[in-house]
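Colleague: Per Swiss-Prot, the feature N-linked glycosylation site maps to N61. Swiss-Prot lists 81-101, 153-173, 187-207, 216-236, 253-273, 283-303, 337-357, 375-395, 397-417, 432-452 with the feature transmembrane segment, giving sequence analysis as the kind of evidence.
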Amino acid sequence: MVNIVDSGSKHAPQEMEQFLPGEGKVMYKIQPRKSDTEQALAGNDFDPFALRDNPHPTTDNETLTHLLKASLGTGILGMPFAFMCSGLIMGIFSTIFTAFICTHCSYVLVKCGHKLYYRTRRTKMTFAEIAEAAFQKGPKWCRGFAPVAKFSILFGLFLTYFGTCSVYTVIVASNFEQLISYWTGTAVSLRMLICIMLVPLILIAWVPNLKYLAPVSMVANVFMGLGLGITFYYLVQDLPPVEERESVVWSTLPQFFSITIFAMEAIGVVMPLENNMKTPQSFLGICGVLSQGMSGVTLIYMLLGFLGYLRYGSATGESITLNLPIEEWPAQTVKVLISLAVYCTFGLQFFVCLEIIWDGIKEKCKKRPTLVNYVLRTVLVTAAVVLAVAVPTIGPFMGLIGAFCFSILGLIFPVVIELIVHWESGFGKYNWILWKNAIITLCGIGALVFGTQAAIKDIVKAYSNNENVGE
């Protein structure tokens, strides 16, 4: 258990030195062997958070800013339509339930990641690496599925967020197309506007890391906040009595959940945010970054959905901006602000795609990593823009991909990981973790089925129109 090392200097006697001969006290010094130190570190002495090496860590407030921006995307504009599908009262409780499920799954993913940090002696891991480690450290029957789990998550995340980048490009270009056509009275090519956006998108993709991207997300939050503020101004004008609207609608309630889940879901950015935090422990907890961010997001979602449906009733559009009078300058300002917010959000969505590809090739690019990294950024942005130019109607297809990927990645995979991580330690009293995760899995399957159904209807609707898109 000890090494005896030659020492020519006087030192305070250690416990074992008292039993050495007199000459041994002078000639030798007692030290723990290296293996003893390693064994100690395998216990509670290993702190993955203290050992984490982040050149540009983000503060709690910066992480909260990113989380708000990731959750307050364009999906929030569909909440009034979602409330029309559920009814006013049912919409409130269903929004809280959906937000709780989405937040809990994100919490579970990060919590399992923290447990696996100690088991694998690693200081940070991505979503895919957490799944891989959980399967590798789990029971024997699931260890062979570790590579499949990792690849499935990487493929699903990249497909979803790369497609989202293309959709964001189309959204920004479409809003400016509507405004330019209204102001000038002449039609403008949507594809041309998408091409014009290439350089600005490359510039925002060149922001080196999440630390420097935080101010951009803050600006995006300001733009989105101002846009929503003007929208709320329209919504509170001439409100009818609550009794004139449906309180509970059962027939279209599944459509409410498909809209709300995919609007709130931000599972792809959770681990990148946690991995880049200065104090990762602050991400979880009752007053943690995740709880604070999702509480605020849930409140905004409920207010917009409730007031939007109350104001416009059965005439509520799939996006609340469709109900705003385009001839009035405040409504036009909303379109500009939301377009700018979406543009600023592009960098955060793009970071997920970049991290996936870069983690796979960085070991092969040690000579000029910075140059290769920026070339990769440029190529990915260009590919996203080319996809948007080729298929301006990509939105409905992304709805289908999102329904499939977010249901599995955002709801089902986190609870499966939790079950495997707790396999040996047990699932708690009365197996409550097992029953809880079974309910969440059923919700995920429901979101998958009904979300896919709604997305297919949108695709049919988009291509049943005979007009040429993008000309």
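Glycine too: its Cβ is placed from the backbone N, Cα and C atoms.
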Colleague: What residues in the same chain, six or more past the boundaries of the transmembrane segment (216-236), come closer than 8 Å to it by Cβ-Cβ distance?
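Modeller: For the transmembrane segment (216-236), the far contacts come to 65-66, 68-69, 72, 76, 204, 207, 300, 303-304, 307-308, 310-311, 320-321, 323-324, 330-331, 333-334, 337-338, 340-345, 347-348.
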Colleague: Compare 153-173, 253-273, 283-303, 375-395 by their Cβ pairs under 8 Å to the transmembrane segment (337-357) and return the stretch that comes out on top.
Modeller: 153-173
Colleague: Which bits of the chain, at least 6 residues beyond where the transmembrane segment (253-273) starts or stops, bring a Cβ under 8 A of a Cβ in it?
Modeller: 58, 63, 66-67, 70-71, 73, 75-76, 78-79, 81-83, 85-86, 90-91, 94-95, 98-99, 101-102, 105-106, 109-110, 113, 125-127, 130, 157, 160-161, 210, 283, 289-290, 294, 297-298, 301, 348-349, 351-352, 355, 399, 402-403, 406-407, 409-411, 414, 443, 446-447, 450-451, 454
Colleague: Report the listed stretch (153-173, 283-303, 432-452) having the maximum count of Cβ pairs within less than 8 Å of the transmembrane segment (375-395).
Modeller: 153-173
Colleague: Does the chain bring the transmembrane segment (81-101) near the transmembrane segment (283-303), so that three or more CB pairs sit under 8 Å (pairs 6 or more apart in sequence)?
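Modeller: As far as Cβ distances go (cut-off 8 Å, pairs 6 or more apart), the transmembrane segment (81-101) and the transmembrane segment (283-303) touch.
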Colleague: At a 10 Å cut-off from the C-beta of N61 (N-linked glycosylation site), count the other C-beta atoms across all protein chains.
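Modeller: There are 10 such Cβ atoms around N61 (N-linked glycosylation site).
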Colleague: Please report the three-state DSSP label of N61 (N-linked glycosylation site).
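Modeller: In three-state terms, N61 (N-linked glycosylation site) counts as helix.
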